[in-house]
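To start, the structure itself, in structure tokens.
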Amino acid sequence: MNLLNLPKIELHCHLDGSLRVETAIELAKKEGIKLHSYEYDKVKELLVISKECNSLEDYLNRFALPAKLLQRPENLERVAFELMEDASKENVKYIEIRFAPLLHLEKGMTQKEVIESVIKGIRKAEEFYDIKGNLILSCLRHHSIDSVYEVIEEGKNFIGKGVVAIDLAGGELEGFVKPYKEVMKLARESGFRVTIHAGETGYGKNVRDAIELLGAERIGHGLFIFNDEEAYNLVKEKGVTLEMCPKSNIDTKGVNKYEEHPIYKYHKDNIRVNLSTDNRTVSNINLTEEFENVHKTFNIDFEDYKKIYLNSVEASFCSEELKEKLKLSIII
């Protein structure tokens, strides 16, 4: 299989974790942000995870510099455009980019301006490249419940205009789900689709709760459903798609190597999986490389690839019209 040339669907990709190193250097200079060095390799060390990373919390520290750089509309528009551009070059036909609007208000932008800027970058890229994109608005679990209401209130105005879903992200604690039951009910009623980061660390029950209490249609990662039989069976029976990011899971020590990752086992047991990068820069990987690693490890064939692709199309939050077009890309 020529994996580079095959069409791809990416459903789990964080904007601020996928910033080009050279762009970070330019923006740091433009914004007057002092770094110890502006040399490429030194700045890369600030953005890309090291082999010494020991946990998800350690991994999340790589988002500090991007947060400082993405406080102006033109900067957000640029990185959104560049992410779409990078994805298109490896034949990603559709991507759902997620980011947390409330992290970009430090220099006076409103949430409305933040969301508009990212959508503008996505739409601009669609004019130049054979790729389509939409936005998922992430809310951070270490922020207040009220902050989720704020995101819903502003974000609902962009449903059908570039925003498709809401997400809960950040550090994961056991049993985090229950306090979000009412606010996620409001999100669904406001037109948001729902995907939730859960089971990324060792808590399979979080996945079950996210589906049953929050109405999650997809799960970000879902790695640890194997340690909760009820969660495993629920995901399988309901056809919930797991947005799986093996390299990221290795980086955060969820698993130690590709051979230990359950993605292929889940796939062969008819659990719906999507393969994504999570954070292209932080994990230093693109989607073609991720597929190559999975292919080498588990010897997936074209039928496996096609099934994952079509499952990903069905699990996407885009329009039915676009889904039909995306399906045609893989019919060979």
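Including glycine, each Cβ sits where the backbone N, Cα and C put it.
Under the three-state DSSP scheme, Asp278 (Zn(2+) binding site) falls in the strand class. What Swiss-Prot lists as Zn(2+) binding site is His12, His14, His197, Asp278.
Summarising the annotation, Swiss-Prot assigns substrate binding site to His14, Asp16, Gly170. DSSP classifies Asp16 (substrate binding site) as helix under the three-state reduction.
Around Glu200 (active site, proton donor), taking its Cβ as the centre, 24 other Cβ atoms fall within 10 Å, counting all chains. Taken residue by residue with DSSP, Glu200 (active site, proton donor) is part of neither helix nor strand, so it is coil. The active site, proton donor annotation in Swiss-Prot covers Glu200.
DSSP assigns His221 (site 'Important for catalytic activity') to a strand in the three-state reduction. If you look up Swiss-Prot, you'll see His221 marked as site 'Important for catalytic activity'.
When the recorded positions His197, Glu200, Asp278 are compared by Cα distance to Asp16 (substrate binding site), the shortest distance belongs to Asp278. Note: the substrate site is recorded as His14, Asp16, Gly170; in the same chain, Leu15, Gly17, Leu60, Phe63, Arg98, Phe99, Ala100, Leu103, Ser138, Leu140, Ala169, Asn279 also have Cβ atoms within 8 Å of that site's Cβ centroid.
All protein chains considered, the CB of His12 (Zn(2+) binding site) has 27 other CB atoms within 10 Å. Among the recorded positions His12, His14, His221, Asp278, the ones whose Cα sits within 10 Å of the Cα of Glu200 (active site, proton donor) are His221. Local packing around the Cβ, expressed as the count of other Cβ atoms within 10 angstroms, is greatest for Asp278 among the binding-site residues Asp16, Asp278.
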